[in-house]
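S.K.: The GTP binding site annotation in Swiss-Prot covers 11, 73, 142, 146, 147, 148, 208, 230. The feature Mg(2+) binding site is assigned by Swiss-Prot to 73. If you look up Swiss-Prot, you'll see 430-451 marked as region 'Disordered'. The annotation compositional bias 'Acidic residues' is assigned in Swiss-Prot to 433-451.
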């Protein structure tokens, strides 16, 4: 089977990662003890057919997540272990330090994290060796802190060195000004993005601001907690990985998804979305129709990144529908969306919307859909972080925390310009048209005549 090794680093990464395991264990009929208790025979086949993508089968028929949990302080690990699904993970999967990274990217990447990284790689190597045919890695982390961002990107580059031909996929929580934990988030995020541009194949940008907006506006929650935000993230992660976990034809592994979604290697930052949005613990009373799902899924309010897709154009889109529904209706709806909103899709990539359907819906809903868009509007997110970075870096504010760990100012300048380049690349393709090439050729000919 095509296995995926899952890594989670830092407090945020461990919390959304653990929530992800809770949800997919539930979908595959796996108890917190690791035992399989399926319902009927038909469902059992579906649940277990591709269970090996995320789980190892241990002794006594127990299923163990192929996960590596990493942090530079023991706190989050202890709460995962004490939580309802703590017994699911095997003890060797927990790798932690004692000192913490103190929201400092340099500590995570160069000092504290670098000391721990070899023991993490040992666990990763052991997991990879047990695989029949490893397809790649997925990492959950945040870009605003120290461990997830600094050590997360260090792990990514080390794994890239050791497994250069495997796909690297990250779920990255991007900081936002409205929901800020630390003042140095723009530094940590910019230094991380500098790494992610070069070393990952697919990055899902999840944005706290967008998640808060969804909680306020759509779910009508008065004071949302991180638990509510993580619930939204895990719904999306479960949806995005549906194609890998259940039998299906489209985007059935990380590489196929990358081939469909990434037109240029640097532009691999995706905007995820989900429909229907429901609050934790609430059940939906009315089943949505396929047109409603499609409508909601493309709506800016349902995006998990705080960018407005109407301000850019889609390079590529993947949609995953879940539940029992007519394939014909799904295709018609997706076709309609492209026709009615053709100006929002670049015309120089024909057929740039791919759709997959999986029979098994998420728990408690009849039908759901997940959206993955590679939109040029994501440059708004990078621009926002870049502006905050520049404001502080111009005054060299807080820089001594980083140079004290042995970093050089030059590295900040490089990260800043790499992010600015990324923004202008997205803008360039947003304005590109299918006729650009032809225009250049004509100009060349005209010059030739006068020569």
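Glycine too: its Cβ is placed from the backbone N, Cα and C atoms.
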S.K.: Within 10 angstroms of the C-beta of residue 208 (GTP binding site), what count of other C-beta atoms is obtained when all protein chains are considered?
M.R.: 24
S.K.: Let me know how many other Cβ atoms fall within 10 Å of the Cβ of residue 230 (GTP binding site).
M.R.: 22
S.K.: What residue among the binding-site residues 11, 142, 147 has the most other CB atoms lying within 10 A of its CB?
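M.R.: Result of the Cβ crowding comparison: 147.
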S.K.: Identify, in sequence order, the residues in the chain of residue 146 (GTP binding site) that are 6 or more apart from it along the sequence and have a CB within less than 8 Å of its CB; answer 'none' if there are none.
M.R.: 10, 72, 100, 101, 102, 103, 104, 105, 107, 108, 188
S.K.: What does DSSP assign residue 208 (GTP binding site), in three states?
M.R.: helix
S.K.: Within 10 angstroms of the C-beta of residue 73 (GTP binding site), what count of other C-beta atoms is obtained when all protein chains are considered?
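M.R.: Its Cβ has 19 other Cβ atoms within 10 Å.
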S.K.: Other than its own, how many Cβ atoms are within 10 Å of the Cβ belonging to residue 148 (GTP binding site)?
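M.R.: Neighbour count, Cβ to Cβ under the 10 Å cut-off: 32.
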S.K.: Please find which two of 11, 73, 142, 146, 147, 148, 208, 230 have the most distant C-alpha atoms, given that the record lists them as binding GTP, and give only that distance in angstrom, rounded to a whole number.
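M.R.: Those residues reach a largest Cα separation of 23 Å.
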S.K.: Could you find out if DSSP has residue 142 (GTP binding site) as helix, strand or coil?
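M.R.: Looking at the DSSP assignment, residue 142 (GTP binding site) belongs to a strand.
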